[in-house]
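Enquirer: According to TrEMBL, the record shows the following:
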type	residues	note
BINDING	121, 184, 216, 247, 390	UTP binding site
BINDING	217	substrate binding site
């Protein structure tokens, strides 16, 4: 009967039957996985798998890029405010009263694997032995001491980072910052061919580590709500969260933006503020704010139809990109979460596992929810608020004398003549943090550097100074040692330069 019905059905009915089959098969598999959960993990696992089921259902419904390119418009003038205008309003007499309404949330789900490190990325040393987490705690402690306030820090961990992070938190037990953690969900990776989970049970250690993944930072709304922490903070009188990536060293609490939220000039509060900054050629892939069906909407490169990707990347049409520094009203998160009304596009992230199996993981991005909130706003902030450390090339910049460190915050040195940072490209010999550190006896003076490219087996002696454009290329099998005290200005160094002690 089934095959007879299929012969008579049209293509859309056929697709619908296939979709129902897939959804049913997925439900069967997830039930089997849930049945293996120990009683103390049952409730938590059930919530995770329910959330995953909803995401999978939407994934089967949606086809192709999720934006209709014809409907994309530039955002209206007043929907993205210049930071200077926000700053010009000054600060209230009682800063403590607005600060006490704030919670700082850092996205701490990522591992340091791309930089060759084991464990949470937030525990990598970035400056004078301080880790990303140390700097974050120092910043908030400085605020709390200066203004006699109680701004808490909340870390959204993943199952990959939770245990190691909690161990390290003990060292801050005497600091003047209350630290809370909650975990983002744990979702099963799906076999690309069968569209079924590759996990057979709930365990995620040993050979099962590759079966599960944290589903992107868009998961913050559901997990924050489910953890009970959202309600507790609202009960304490907190009103806004400031969310950012823990590896963005420019994402410090900005009192002017906070004041704008708490005391809006027109009396109508924003529920969602996204900090954006001007694109450079290096940021062409960053998500941008657009006007779409009369709402501000974040459009990521993955959602753009292939024919329009070049247009999306153009610096002239889309001049800004999302820094992922977001200010969101707690009451709005609660309201939307309870109505199941937070709408974020699904990001399909394909991966190939170590054994060669092709899988997909379904993710969402925190900024994509902007269209679900009322009275959203973009603020065009200075580039200094976006200082992500994704690679050792970024690490070299933040370790150098381009920045000075004060109470956990990095500020560009006044001796630097232009406000932009140099473009640094370190080759594959520098990818891992330990290799990178081994190759620099001390971090070079980079105050007058515009561009640095290093490729091959290169080491730097102490007190090297780099100026203008410097390109150092050691050919395969060769090695270049830049001698201590060397000053390289607008130089190309290539071939084989080895300095030996006499």
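Cβ atoms are placed via backbone N, Cα and C, with glycine included.
Nobody curates TrEMBL annotations by hand; they come from automatic prediction.
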Enquirer: Between the residue listed as 'substrate binding site' and residue 184 (UTP binding site), how many Å separate their Cα atoms?
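Expert: So the Cα of residue 184 (UTP binding site) lies 8 Å away from that of the residue listed as 'substrate binding site'.
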Enquirer: Return the count of C-beta atoms lying within 10 angstroms of the C-beta of residue 247 (UTP binding site), excluding that atom itself.
Expert: 22
Enquirer: Say we define neighbours as other CB atoms within 10 Å of the CB. Which of the binding-site residues 121, 217, 390 has the fewest?
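Expert: Across 121, 217, 390, these binding-site residues, the one with fewest Cβ atoms within 10 Å is 390.
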Enquirer: Please determine which of the binding-site residues listed here (184, 216) has the lowest count of neighbouring CB atoms within 10 Å.
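Expert: Comparing Cβ neighbours within 10 Å for the binding-site residues 184, 216, 216 has the fewest.
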Enquirer: At its widest, how many Å does the recorded UTP site span between Cα atoms of 121, 184, 216, 247, 390?
Expert: 21
